[in-house]
There are 2 protein chains.
Amino acid sequence: MIEEIEGVLIDLDGTIWKGNELISHADKAVAYLRSLGKRIVFVSNRGNWSRRMCHERLGRFGIAAEEEDIILSSTVTAQFLRKHYPLCQVWTLGDEGLREELRHHQVPLAPAPEDADFLIITLHETMTYRDLDLAFRAVHHGARMIATNIDKTFPSEHGNAIDVAGMVGAIEAAASRKVELVLGKPSCFMVEAALRQLKVPPNRCLVIGDSVESDIRMGRMYGMKTALVLTGNTKRNELKALREKERPDYVMDSIYDIVGLGKEIVQ
Amino acid sequence: MIEEIEGVLIDLDGTIWKGNELISHADKAVAYLRSLGKRIVFVSNRGNWSRRMCHERLGRFGIAAEEEDIILSSTVTAQFLRKHYPLCQVWTLGDEGLREELRHHQVPLAPAPEDADFLIITLHETMTYRDLDLAFRAVHHGARMIATNIDKTFPSEHGNAIDVAGMVGAIEAAASRKVELVLGKPSCFMVEAALRQLKVPPNRCLVIGDSVESDIRMGRMYGMKTALVLTGNTKRNELKALREKERPDYVMDSIYDIVGLGKEIVQ
């Protein structure tokens, strides 16, 4: 199948790395795909990182990429705001990476929560009560809410850790308003950003990721080929319970299996 | 100011009519704007009506309009799905008007809730427990959720009646998933649909509506002129409490005041 594929969308957390560790031979898998001439974008729901931060980390793991080939939910959120709400200013609940990405795209940050047209919510691993209260104040004064993504938990070294859904839940409950837009995978906003960068039609694309909900469904909804890796969110014993619309074309122990998959046909 | 305006966005419920009654002289106000050569679109958060139904009702009140000049949240939802999720099929929780609008835009309706990629939620005034349960089943089997709008209540003959937020709340609570997209006013999706139809830049537009949250904020966010009418949601004694970003340029007892406003300057 690999020769039918021109573009590859690769997830990051759980596919390329896990916490601070590169997943074994993930760098070689990417190099292999590049050696076949495939176009590659990295597509991640990380909204608390900027593209620059992500680019640095890929480099540290020996994976070369242009910044434009990294598509984070923070990137897509910033681009969306810039394009569709050019006159609006925003407050944030999230780590510094989100603000870096917003600034990079010239999205105006509100000087005070009361002035914000939107509150943008993402994972906030350094959050304090004060951050939460300022975000609440923005919404209480009329800011509307956008979330970079709505993942409930992410795998940490201590097991599952509370993710963006927790930050969103706090503000929604206190302010009696709801998030009106979620930009992360598997939304059309992420897919269309990836396809614009790849310049490849969806039926010539392969999605490689560890999440059935984000990666496989995204690919399936657009008629892409899909490969589920078992190095992250999904375990082999969960495969039987998958619904038809969640079933990947390929299941791989890790992204490095792409090498075998390619060789089978390429040889 | 009226000569600076080329395009007018007019709300329906509470601005043109209230329940089954035309608001006094609203038809004359529209005719007056047309006589000045203004381009007009009707922009409503009604997601449980189709454009055809709305067109008929305007006609019954003696207000001529092309169907294309009516922009409902059901219209924008159908167009969004058709454009961004062309391979997806949907289940609905809402009145028949929504399904009519989806069919009109060739959005595939899922044969069973289990097959749906999306559940589309709008006001459902004929809802039964069974409708709610089928919608729950769609989400329980992996459908993602889109709401035409998220209004909490609407004014009925018996006072405030539960609106779309109630339908959304039921499914979110039971299925532990959240709506990821709300398309109604004051979102960019509605504004951009209106501007595409008007072919007028935002700073040459006037929004006339009864809702500070939907109509005035929508106009303010895009640099349009705004006129708040007191025939619907908002009462005169609430005006003092408005925040800066919610303040309209004009307050009118009813849309018919536009005639006086025009004459002041036109004469």
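Backbone N, Cα and C define each Cβ position, glycine as well.
TrEMBL annotations: computationally assigned, not manually curated.
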Which single residue out of B:Asp133, B:Asp151, B:Asp163, B:Asp210 does TrEMBL record at the Mg(2+) site shared with B:Asp11, B:Asp13?
-> B:Asp210
Counting other C-beta atoms within 10 angstroms, the emptiest spot among the binding-site residues B:Asp11, B:Asp13, B:Asp210 is B:Asp13
For B:Lys185 (substrate binding site), name the DSSP secondary structure in the helix/strand/coil scheme.
-> coil
Taking only the Cα atoms, work out how far B:Lys185 (substrate binding site) lies from B:Asp210 (Mg(2+) binding site), in Å, as a whole number.
-> 12
Quick one: what's DSSP say for B:Asp13 (Mg(2+) binding site), helix, strand or coil?
-> strand
